[in-house]
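Engineer: Just lifted these from TrEMBL, have a look:
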ACT_SITE  11  active site
ACT_SITE  135  active site
BINDING   93, 94, 95, 96, 97, 98, 99, 100, 101, 102, 103  ATP binding site
DOMAIN    72-143  domain 'GHMP kinase N-terminal'
DOMAIN    213-266  domain 'GHMP kinase C-terminal'
């Protein structure tokens, strides 16, 4: 019997542009994404035969068609001779825009492939990942900064032109990704180009998201948080994914730390989880 442990990182969308609805029913996106220190932990115990999860996987039921970890397991049923027991210790909030479920699915896919002596190539794993969820192919990559396009299958590693110092705020507000996209469809909002603008200018004012145009209408609490932070002279307030997690970017660590002190003097310090992230060249 052997015991393995894996880190399953959260992602942060520095930009996110919804370019339109595709013929296949998915949305075309253009996004700059980074991994952050917040992560889940996945434990795998290898024994005799079969694959099972050790509860609790998450606060929701494991056995449903939308759980990425469960779906990832299905691709290896019958392919492993050992007993595989998997436990997911959750730290990434659900429906926060940080991709916790997608990260879990990708890490389990890669781990089971390694344990099974690589029945799938990396290209095949990417194809499987996309079948499970649009965010999952990203988490099969290693790196610091990525441009993600298509419905999530086009992943290009990039290099930062200068360091970024972030304040990340976990608001505790849950936003359904499918509901956010459906609302975007109904509002008939024009596409944005924040990703392209940031890559051309390098200005943090372009670290923005199409989803703010949706969240301003469907989440008054997030809108209020954004307005408070902007009134405190935040350079910009970004949102990851379809919402829940916010961030404020700075090019100077001292400015970031000073602003963090200002946040700690507001109600946000008691009602949210606030931490620092450094994205270094």
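Here, residue 1 is simply the first one shown, and the rest follow in order.
Glycine is treated like the rest: Cβ placed from N, Cα and C.
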Engineer: Sequence gap of 6 or more, C-beta under 8 Å: which same-chain residues meet both conditions with respect to residue 93 (ATP binding site)?
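Structural biologist: Non-local contacts for residue 93 (ATP binding site): 100, 170, 172, 174, 244, 245.
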Engineer: Where does residue 11 (active site) sit in the DSSP three-state scheme?
Structural biologist: strand
Engineer: Closest to residue 135 (active site): which of the recorded positions 11, 95, 97, 99, 101, going by Cα position?
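Structural biologist: Ranked by Cα distance from residue 135 (active site), first place goes to 99.
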Engineer: What are the DSSP helix, strand and coil residue counts for the domain 'GHMP kinase C-terminal' (213-266)?
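Structural biologist: Summed by class, the stretch gives 29 helix, 8 strand, 17 coil.
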Engineer: In the structure shown, which of the binding-site residues 95, 103 has the fewest Cβ neighbours within 10 Å?
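Structural biologist: Across 95, 103, these binding-site residues, the one with fewest Cβ atoms within 10 Å is 95.
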Engineer: How does the model score the domain 'GHMP kinase N-terminal' (72-143) in terms of mean pLDDT?
Structural biologist: 90
Engineer: Tell me the Cβ contacts of residue 11 (active site) under 8 Å, same chain only and six or more apart in sequence, or just say none.
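Structural biologist: Counting only residues 6 or more apart in sequence, the Cβ neighbours of residue 11 (active site) under 8 Å are 33, 34, 35, 36, 98, 99, 102, 103, 135, 138, 139, 240, 241.
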Engineer: Going by DSSP, is residue 97 (ATP binding site) part of a helix, a strand, or coil?
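Structural biologist: The three-state answer is coil.
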